[in-house]
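According to TrEMBL:
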DOMAIN    42-69  domain 'CHHC U11-48K-type'
REGION    275-305  region 'Disordered'
REGION    362-396  region 'Disordered'
COMPBIAS  385-396  compositional bias 'Polar residues'
Amino acid sequence: PEPGRCAHFVLRKRRFCRMIPAPGRRFCGEHGHEEEQNDRKRIPCPLDPKHTVYEDQLQKHLKKCNSREKPKPVYFVQDINAGLKDVAEIPEKQVPLSSLSIEELQNLIIKLKKASNGLELHLKEQILSHQALQEALNDPKNGESAFKHLKQQASILGNMEKLHLLGPGRCFVEFGAGRGKLSHWVDVALQNVESVQFLLVERATTRFKVDGKHKRRDSIFERLQVDIQHLCLNKVPTLEKKKLPVVGIGKHLCGAATDLALRCLVESYTTCCDGEDGEPAPKRSRAAQTEVAAHRSAGNESTTEDHKPVAGIVIALCCHHKCDWTHYVGREFFKSVGLGQVEFHYFQRMSSWATCGMREAASKASTSEDSEDQTDGTEEHEQTLSRTENGSDTLQGILSVEERKELGCLCKRLIDHGRIEYLQQQGYKAALQYYTESAVSLENVLLTAVPNPSLIPEPTI
């Protein structure tokens, strides 16, 4: 062992432990049992069995163990955005798609095409850019991978500008923020604008964050380390105090996280009560909603709620194969076209066909780019698609790569249409568009929504 280091040899790593033992000891606390010293016994920590502790010091250790449960923040409300609460409707474990017979698979395809009949399947291209990123886009120091991310961020900002969402006196909530690059560029675009707040929602700890590097003093960045499923925006202290209109944004918001974010914005944000129990307040009656609409038409928007509403939503969609019926906001749409949780389960798996077939051809050429993308936490979603479903024996000989791709795109559009209908029922004007080329990202669909004054949300029972 190195001088002053633990004498325990770690077989798995083929080296000595690098911890520093106490003065006069040869082993660190974790491996102290190897040193002959009285009869003290080490036991696995009950909070995390990956490490051990002296039995006679267990209570002291539990008070300072890094694995102990930390106090919940004030904006944590258990399952407030989870959606499905009826245990009877929660789906059971489904049979894998690869286990279906040819006849069962063909019946699924028939149901898919029937449900998709009449839907807007050909999205318009709205590939825009923004002046805030022009310098970075023209910087030769940025490699091809960074250039792809910059093009996507520029188009997202361009779409936000077109919807008049880039303005003063707003709070931008970035869901699945990761390093916070999207918020960073929004901040750059608003460098001469006052009263701007940024909330970066990310459940995991993140390295190399960029939100702490902004130079403006009048814009505020705050990280909320919480799962979107449990986030009540009404209880975020800064938002509760300033009552700013919220703009929800996200770049490649993975699977069910999109549904959780939508529900967080258009349901819990406007109905979450301030009581101690954290239960949502009752929905307004139709008469009350009509009265609100009258206030809006009279130009008295400030009386509609104690706080201002959501000003808009701009989310780049991703990973439909990771959607979940429990959290999905379009369940009512699926039921209206004769589909349920079983079909949803298979369609979400089939959605991976939209990118799997294309990615196989380009995988070797893009290996270096993909590895760089993974450090940014966005494009790696494209690699986590179900390869077992793509290579299923059931598919061989009956579906070509192009047919799988077409069916996968159909599944994506069907799932997304449920989200669009959900937003429309909540009083929003929602749309889907291609915001970048497929060569830049295979997940290239952007969901946008702004309040529609002509629509009154239907009451939810």
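Backbone N, Cα and C atoms are what each Cβ position is placed from, and that goes for glycine too.
Mean per-residue pLDDT, taken over the domain 'CHHC U11-48K-type' (42-69), amounts to 89.
Below 8 angstroms of C-beta separation, residues 29-30, 32-33 of the same chain, each at least six residues beyond the ends of the domain 'CHHC U11-48K-type' (42-69), sit close to that stretch.
Secondary structure of the domain 'CHHC U11-48K-type' (42-69), assigned with DSSP and counted as helix (H, G, I), strand (E, B) and coil, comes to 10 helix, 6 strand, 12 coil.
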